[in-house]
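**Student:** Marked as compositional bias 'Low complexity' by TrEMBL: 450-467. According to TrEMBL, the region 'Disordered' annotation covers 1-29, 450-473. Annotation source TrEMBL lists repeat 'WD' at 100-141, 150-184, 228-269, 271-312, 319-360, 361-402.
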Amino acid sequence: MASPPRCSRTDPDKNCKLPPPSAPTGGYSPGRLSWGALVRTLGCFNLSIPQRHRNVQLLATLDPLASREPPPLLPKKHEVPEKLIWGDQDPLSKIPFKILSGHEHAVSTCHFCVDDTKLLSGSYDCTVKLWDAVDGSVVRDFEPRPKAPVVECSVTTDSSRVIAASHDKTVRAWDLETGKLLWKVRYDTFIVSCKFSPDGKYVVSGFDVDHGICIIDAENITTISVVKDHHTRSITSCCFDPDSQKVASVSLDRCIKIWDVRSQATLLTITKAHSNAISNCCFTFSGHFLCTSSWDKNLKIWNVHTGEFRNCGACVTLMQGHEGSVSSCHFARDSSFLISGGFDRTVAIWDVAEGYRKLSLKGHNDWVTDVAVSNNKKWILSASKDRTMRLWNIEEVEQIPLVIKYKKAMGLKLKQCERCDRPFSIFESDTSSEIFTQCVFCRIDTRGLPAETSSSSSLESENSPLPRGSKGD
C-alpha cells in the first residue's frame, strides 16, 4: 500500500494527510490531527533517544517528522577558574582560615612555637600534638601520653621544651625537637593550669582542691614554693610576668593575686574583681598590665605594675564582646590588640586603645576553649570543644569592609601617644586633651599616681577619661 505523502516542516497543517484512528483502512479524511492520535502514531516509530540527549530532544521527538539526528548541544559557557585562597574562606568576615583536625576529643589548649611555624595543642583525648602551621599536618604526638585528659600545655620561649598538665595529677615535660620525655612530676591533687616562665627556669602549676600554686625549678625539678589555700576556691589559671619574677593567679572566688617569687609573698590582691568566676589571665609583654576574662561575659585590663593600684584596682572593662562566658584571653606582642575566646563559639578581636570589639570570628561549632596570637601578629589560633583548631589569617584585618565601616560609624581616627609613641584610636567627638594625646595604658598609668588612687571612687571624682565602651571598677 502506498504511503501517505510527507510534507515539509514549513507546509501548513492542512496539507498533512494522516489517517485518523477512526478512519477505515481504505481511505483518508482531511483535517487537523488530534493530540491523542499523534501520541498513538508515535508508537509506530522506534526512536532511540540517548540518555544524555533526552532532555534536549524531548520536544523534538513529539514531532514524528523530526530528524533522527540529535540536535547539537549548546556550547558551554566559558568557565572562569576559581581564585585559590589560602585556607577556607568565610564570606562574611573575609578572614581566611585553616581548620586543623586530628584530635578525638575537645581541644583544651593551643600555642604558637618555633617562630610561628609550628603549633602546639593539648586535648581531652589524652594527647599533646605538634603541628605544622603551613600544611596543617601533625608532626608529632608526644609520648608517653598522659593517662587522663590534658587541661593545659605550655612551651618555652625558645621552643626547646614542652610541658603538659593532665587530670592524672601529673605534669610532664618533653624535648620539643626529639619528643623525648624529660621528666614527670606527680602531685597529690588535681592540676588545672601549668605555665613555663618566660626565661624557662620555672614552672608554675595551679591546684584545684588545694586552691594553691606550686613553683618548681624546671631544670633540677626541685620545689621553689608551695602556696596552699592561696585562694578560697579552685584556681582556674596562673601565669608568669615577662620578668619571670611574679605569678598572677585567678580563681572561682573572683579574686586576682600576684605572688612574688623572690620574696615568697603576695604582692597584690584584688577581691571581687569580676561579678562571676574568673577563667583566665595574661600579662602584656611589658608586664605593666594584666587582662582577666570571666564568666560574667567581660574582660578587664588591670594595672599591676605599680603598688598604687593595690587598694583600688583601677581597670578598664571590655564589654559587649561575647554573648556568653569568656574562656580565654591573649595580648598581641605589642599590646596593640587583644583576642578572647568564649562559650558563644566566637573569637573576638579587641581594639585595646579604645576598648571596643573590632571583629568577631565565627565558625567553631562549640565552645572556644583557648586562643593564641603569633609573634608577627598575622595569625590567630583558636582551640575548641568541637575537636578542632582554627588558624586565622588576620594580616589584612584593617582592610576588611566590616572593620572600616564600624570605625567610620564610631567616628574613630588614629593618633600617636605622646608618652610611649604607640598608635591608638580616638573618637572625633571626644574633647578631653588627655584622650587626644595618650593611649589607654598611659591614661591608666596617669590615674595610678598616689594622689589619684586613694579609692576607686576618687578616680571617678577626678573625671579621668576612660575609653568609650569601658568603665572604671
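Note: Cβ is positioned from N, Cα and C throughout, glycine not excepted.
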**Student:** Could you give the residue numbers and ranges of same-chain residues that sit at least 6 residues beyond the repeat 'WD' (361-402) on either side and whose C-beta is under 8 angstroms from one of its C-beta atoms?
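**Tutor:** Contacts with the repeat 'WD' (361-402): 86-87, 90, 92-101, 103-112, 115-116, 119, 121, 123, 131, 133, 136, 327-334, 336-337, 339-343, 345-349.
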**Student:** By Cβ distance under 8 Å, which residues at least 6 away from the ends of the repeat 'WD' (100-141) in the same chain are close to it?
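**Tutor:** Sequence-remote neighbours of the repeat 'WD' (100-141) are 147-155, 159, 162, 164, 166, 174, 176, 179, 366-367, 369-376, 378-379, 381-391.
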**Student:** What are the helix, strand and coil residue counts for the repeat 'WD' (271-312) according to DSSP?
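**Tutor:** Grouping H, G, I as helix and E, B as strand yields 4 helix, 17 strand, 21 coil.
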**Student:** Looking only at the repeat 'WD' (228-269), what is the model's average confidence as pLDDT?
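**Tutor:** Across the repeat 'WD' (228-269), the average pLDDT comes out at 95.
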**Student:** Across the repeat 'WD' (361-402), what are the DSSP residue counts per state (helix, strand, coil)?
**Tutor:** 5 helix, 20 strand, 17 coil
